[in-house]
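Enquirer: Straight from TrEMBL, here's the annotation block:
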type	residues	note
TRANSMEM	27-45	transmembrane segment
TRANSMEM	84-104	transmembrane segment
TRANSMEM	116-138	transmembrane segment
TRANSMEM	144-167	transmembrane segment
TRANSMEM	188-214	transmembrane segment
TRANSMEM	226-243	transmembrane segment
Amino acid sequence: VPCLCSGASCLLCSCCPNSKNSTVTRLIYAFILFLGAAVSCIMLTEGMESQLKKIPGFCEGGFKINVADRKVDKDCDVLVGYKAVYRINFALAIFFFVFSLLMLKVKTSKDPRAAVHNGFWFFKIAAIVGIMVGSFYIPGGHFTTAWFFVGMAGAFLFILIQLVLLVDFAHSCNESWVNRMEEGNPRCWYAALLSVTSICYILSVVFAGLLYTYYTRPDGCAENKFFISINLILCFVVSIISIHPKIQEHRPQSGLLQSSVITLYPMYLTWSAMTNEPDRSCNPGLWSIVTHMTAPTLAPGNSTAVVPTPAPPAKSGHFLDAETFIGLTGFVLCLLYS
């Protein structure tokens, strides 16, 4: 209790490092964000959705949707879990926004406000929980609609931040390997640089081929075709620009490693967007694709007929499906790197 309530940091409540230990403080804040993401996943389960509907006013108002493959009487039957996720992240956004204002122009741990930043974890956690609980009693209506657009803007900024972090990571690796190449044993580091770059480009091409195969149809899925194609074109343009003489003149450390990483990441983003496509014929689901690829392809009798695979199940309240797990893993890795 003294550790949580004082100005000292506490990690797992087993040690009380000095309040100047900013690294521990960052890890605790990162852990809070991770817990928020975990709770958001829990809110999407069927058991929680049935309980959330009992909150007065929680299912009233908000935006309308049209889901073709679900038999629902109310929009809340589909949106209740997402509304809960919005409220959880609303509480986290309010908490971190207030602390960002509080820590303006704080540059050293000697500032009195740094003690608040590095300590008082009991009160901070209590504040987060209080805001979360209170946000669930905010009526839907305009709040849900407004926070939906705020969420889209925040997601766009988060993708940009992830891109910056990936470019920084790739640039650091490229600079380090080039320096080691110049210092000694150039063949080893050149092979590492060439291998990683080639692997990223090969994975990108394979990824694009799988997207065209499983997430498009000859007579439909026009949006999926458009976004896969435009991303491939843009990634090709970025790769050409990265080795342009003018770019090399101003940024000698720029190269294909950075562009290969950025080429692979938009392929993941494209797939992530397509996993939310309501038309199941354009979104078979990752598990269905894996089942189709691993299942026997030939029917009995040595014929060439393809064995049909079962129809993909609709997403209905899984705690952590494959798509969510991959996205959460990327979120945690970027969070730790930052």
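Even glycines carry a Cβ here, placed using N, Cα and C.
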Enquirer: Other than its close neighbours in sequence, what residues sit by the transmembrane segment (84-104), given a CB gap under 8 Å and a spacing of at least six beyond its ends?
Expert: 29, 32-33, 36, 39-40, 43-44, 48, 52, 113-114, 116-117, 124, 127-128, 131-132, 135-136, 138, 144, 147-148, 151, 154
Enquirer: Could you pull out which residues elsewhere in the chain have a CB under 8 Å from any CB of the transmembrane segment (226-243), counting only those six or more residues past its ends?
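Expert: The answer is 204, 208, 211-212, 215-216, 254-256, 258-260, 262-263, 266-267, 269-270, 273-274.
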